[in-house]
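Encoded as structure tokens, the structure appears first; notes follow it.
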């Protein structure tokens, strides 16, 4: 990670960490790196946060001052921006969103002209120019100044594209949706109504401050309760910017990203459509998923945590399905990033075609309990633990004890002064005890350094 860019763009408290001055400088820096492109067009979308308008105005000022035109897409999911960047042949796309974070946070994320996240090397070059604006030796005046256009067809274009990616009729199927007061609030209900589902919707009346508040993909109990109350056949919950999906079966049981990937993997394998006989997950992927797919001869390729790393592995080796437990699920033949609505209609399509209830698909794997605790350490010590013999000995003892029925994963947080401790196994109470012991040991050893 750099000075400004994290693993998913630039993010922080709007007006404090992420200021209009930074947004303006970022826009100019990125445009300067793109100054030689033929099509000087940039598309911008945003979620429902109150600070979105403020940051959008700053970005547009910077972009147009560099001679680039802007298509304003309005409130629209992140994956829609990735798709529409390609559709409009734009030189890049910008999303203003902080995903699942509270409303006071916001973020700015760029997509390349192909709809992929920017390479680390390009982000580093942009960061340099943010801090060295005097090196942007480009002055635009007169008719060369950029223009701004309201792209009113953007939402319908994206809706029609998603509908074209499935062969699905949900007549007679009850579907519940939790839109988390976010970017899917208008689009998701339209899509499921177009698919003839009997739709029950909650959390769509956004006000700029209620995004993700006690709802959405990080609060799955909401969709579970809605499915039970409405007696729905399936439920889908999205995060603020619409790139995550958490599903729910007809009994109210949650299907996280691992369970969804498991269901998709089984279906593709059974229908001889799973390229390279593997799916892509991360080091946090539940052992239950690995065991379930192994039984049918499917491998799980693991990357470091982050959907960008999952995508890199998929592109590099030709895998077509991958994702994270958190609900980032990538169907690379359909879009270049995680797409919550796409994942939902794909899962519904599999249920209809296989004539299965979601509960049957959910039961294809049994999740091993996972305990996650955070050891608080100073940032300068976040990587020192790797060389500590006492910590490594404790980890080795636990891993030997678990063998193939559990594991220990230690990783430093990319954004906070924390070391995350995850232990996975069969006994929840035992795992909690061992996780706290290891957390305390890490904190103690880091204090001694």
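For all residues, glycine too, the Cβ spot is worked out from N, Cα and C.
Here Swiss-Prot flags 99, 239, 241, 243 as Mg(2+) binding site. Under DSSP, residue 241 (Mg(2+) binding site) is assigned to coil, being neither helix nor strand in the three-state scheme.
Taken residue by residue with DSSP, residue 99 (Mg(2+) binding site) is part of neither helix nor strand, so it is coil. The phosphoserine annotation in Swiss-Prot covers 99.
The active site, phosphoserine intermediate annotation in Swiss-Prot covers 99 and is backed by sequence analysis. Cβ neighbours of residue 99 (Mg(2+) binding site) (same chain, under 8 Å, six or more residues apart in sequence): 8, 78, 107, 239, 240, 241, 243, 244.
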